[in-house]
Amino acid sequence: MNRSDIFEKLANLEANINQINSDMGNLKKLTVEVIEENVALQIENENLKTLIDKEEKSKAVENGKKLPKKQPLRSKDNLAMLYKEGFHICNGELFGKHRKGDDCLFCLEVLSE
């Protein structure tokens, strides 16, 4: 094997490594987007459950019926779990976005309320 063949193989290997690195970066971004969407949907689901419970309670009051006791929603626990998993729980445009390991004072304020 001569020098030009070795250099060509090395250049091809470098190009392949760069392509794999680029693909890995794209997959990482896509994974973060999917996880953020999942968190947003989980939070929306919790909000909808709360809304449904309020509707059922108001209808029961109108009809004079008693509702069976349900366990209260653990909203704070859910928010704490999401924050621990690395997502913003503060109000605003960061809500549901990945924190990338940094603490957020706004999120901590939400948890302390």
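From the backbone N, Cα and C atoms, a Cβ is placed for every residue, glycine too.
The Zn(2+) binding site annotation in Swiss-Prot covers His88, Cys90, Cys104, Cys107.
Listed in sequence order, the residues Tyr83, Ile89, Leu94, Phe95, Arg99, Leu105, Phe106, Leu108, Val110 complete the 8 Å Cβ shell around the Zn(2+) site centroid, once His88, Cys90, Cys104, Cys107 themselves are left out.
Around the Cβ of Cys90 (Zn(2+) binding site), a 10 Å sphere holds 19 further Cβ atoms from the protein chains shown. Figure note: comparing Cβ neighbours within 10 Å for the binding-site residues Cys104, Cys107, the maximum is reached by Cys107.
For His88 (Zn(2+) binding site), applying a Cβ distance below 8 Å and a minimum sequence separation of six or more within one chain yields Leu94, Phe95, Gly96, Lys97, His98, Arg99, Cys104, Phe106, Cys107.
DSSP assigns Cys107 (Zn(2+) binding site) to a helix in the three-state reduction.
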